[in-house]
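Beneath this line is the structure, given in structure tokens, with notes to follow.
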Amino acid sequence: MKISVGNDIVENARIRDLLEKHGDRFLKRIFSESEREYCSNRKDPVPHLSGRFCVKEAFIKAIEPKVVLDMREIELFGKEFGKKELVLHGKSKELFLTKGYNGCSVSISHAENYSTAVVVLYKE
């Protein structure tokens, strides 16, 4: 079995600043419609946006750090306290399949000031 690991951490204030400065333009550039909807229904959407941002960055680091991918093609789904699942589209999915990966695990955490994520890609 071969695995590839990516991780990321972001200061929640950084995402809050981007959201205040660029608003919908920032959201629509990074997050899918379903991700935006999920986060907007939270008391404070910023930690949830930050965590999803980290997942996208961690996926890119795990699959190919030098490649440019549309972050909206990397979607995080799952219950609030349940198992998370990545759903890939377009070039992200194509790259995942081309490299022969057949599985992915995601871990995401939030704290008051930071959000972090780890993505593990694997092929058997």
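Residue positions begin at 1 at the first shown residue.
Placement of Cβ uses the backbone N, Cα and C atoms for every residue, glycine included.
Now, the feature entries from Swiss-Prot:
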- D8, E57: Mg(2+) binding site (BINDING)
Worksheet item: Are there residues of the same chain, six or more positions away from D8 (Mg(2+) binding site), whose CB falls under 8 angstroms from its CB, and which are they?
Response: F53, C54, V55, E57, A58, K61, T116, A117
Practice prompt. Please report the number of other Cβ atoms within 10 Å of the Cβ of E57 (Mg(2+) binding site).
Written response: 20
